[in-house]
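K.L.:
Input: one structure, supplied below.
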Amino acid sequence: MPVQPSPVVMGIETSCDETGVALVRDGVLLGDALSTSMDQHARYGGVVPEIAARAHVQALVPCVRAALASAGLTAADIGAVAVTAGPGLATALHVGVSAAKAYATALDVPFYGVHHLAGHLAADLVDGEPLPDPLIALIVSGGHTSLLRVGDLARDPIVHLGDTLDDAAGECFDKVARVLGLPYPGGPAVDREAVGNDPAALAFPRPLTGRTDSPYTFSFSGLKTAVARWVEAHPDSTVPAGDVIASFQEAVVDVLTAKAIRACRDHEIGDLLIVGGVAANSRLRALAAQRCEAAGLRLRIPARKRCTDNGVMIAALGDLLVRSGAAPSRPDLAAMPGAFLDQAQLGVVQPTQRAA
């Protein structure tokens, strides 16, 4: 008998300021749509939760319709619904979770609440091969900076090797960009302004890289302060602004890549995955590639369009869970703004264990 295809999984992402919807089946992206409220937040220099939530309410149904249209499907073709249940902005998450439950109930299909960061880990699945098992993952975004040991993403616990003690890398980019007079969002602005400038012009500190420091723990608050103090102390400096920006960026990516490479070596794991919004940074991608090649490691980074928040990564993770035989999430699952990353799925009815 012919093998029956897996169901079409609709993924919904509303954790911050992007409204993303995508449709995936058997690891293949069928269609997607994305809407952002970034421009509405720019005047405030950061994301305003109430504005983000209202934008999700306005954009979600049109995104569902657009994703279905791009796939040539109808709502009746959807066989499961996956949604980011956390972490993120509470009101923004609530919009997505409520909509996902409504679609799942109306269509009488399974509902899967998933962890936003696990979605980032799955972002490349529709464009590449299955993820190696095990691997070391570096998640770098506006709200999170973590080094993880990842096995089977659908079944195994996710092990934290180290996290940031204060600011996340993306948060540091945004705050320093503001100090340097760059527009919001700061990460892409820093990346653009650093191109062609001297990353060795200024020796900004590399936090927690000393012999006695925790090898996998991050801290970027001190670096942020060091840049701000340098700018304040040198109002008439002859150092070009582009060199200041490039030197700051180099300090961040130097720390990120050095700690990630060390984690791979210490745990004797030959694969490194870098994901999250900061993974779109051109210097991080280049330095990671250079250092992985020198260390004999295999590097995997999603395409830039998959690094920032999107519905594709949530649909891809939902599809992986469905194909792995994971039980649906509890129907009473609520948004979990502070969800800790130790499993890909949230609100599991019966946790799926790896076969012995």
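Quick reminder: no glycine exception, Cβ is built from N, Cα and C everywhere.
Quick paste from Swiss-Prot:
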{"type": "BINDING", "residues": "His116, His120, Asp309", "note": "Fe cation binding site"}
{"type": "BINDING", "residues": "Ile139, Val140, Ser141, Gly142, Gly143, Asp174, Gly187, Asp191, Asn281", "note": "substrate binding site"}
K.L.:
Kindly assign Ile139 (substrate binding site) to one of the three DSSP-derived states: helix, strand or coil.
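P.N.:
The three-state answer is strand.
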K.L.:
For His116 (Fe cation binding site), name the DSSP secondary structure in the helix/strand/coil scheme.
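P.N.:
DSSP assigns His116 (Fe cation binding site) to helix.
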K.L.:
List the Cα distance (Å, whole number) between Ser141 (substrate binding site) and Asp309 (Fe cation binding site).
P.N.:
10
K.L.:
If you measure from the CA of Ile139 (substrate binding site) out to 10 Å, which binding-site residues from the list His116, His120, Asp309 are inside that radius?
P.N.:
His120
K.L.:
Looking at the binding-site residues listed here (Gly143, Gly187, Asn281), whose Cα lies nearest to that of Asp309 (Fe cation binding site)?
P.N.:
Gly143
K.L.:
Starting from each candidate's C-beta and looking 10 angstroms out, tell me which of the binding-site residues Gly143, Gly187 has the most other C-beta atoms.
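P.N.:
Most Cβ neighbours within 10 Å: Gly187.
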K.L.:
Fewest neighbouring Cβ atoms within 10 Å: which of the binding-site residues Ser141, Asn281?
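P.N.:
So among Ser141, Asn281, the binding-site residues given, the one with the fewest Cβ atoms within 10 Å is Ser141.
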K.L.:
Can you list, in sequence order, the residues of the same chain other than His116, His120, Asp309 whose CB lies within 8 Å of the CB centroid of the Fe cation site?
P.N.:
Glu13, Ser15, Thr84, Leu117, Gly119, Ala123, Ser141, Gly276, Asn310, Met313, Ile314
K.L.:
Expressed to the nearest Å, what is the distance separating His120 (Fe cation binding site) and Gly187 (substrate binding site) at their Cα atoms?
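P.N.:
If we compare the Cα positions of His120 (Fe cation binding site) and Gly187 (substrate binding site), the gap is 18 Å.
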K.L.:
What's the CA to CA span in angstrom from Gly187 (substrate binding site) over to His116 (Fe cation binding site)?
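P.N.:
Between the Cα atoms of Gly187 (substrate binding site) and His116 (Fe cation binding site), the distance comes to 20 Å.
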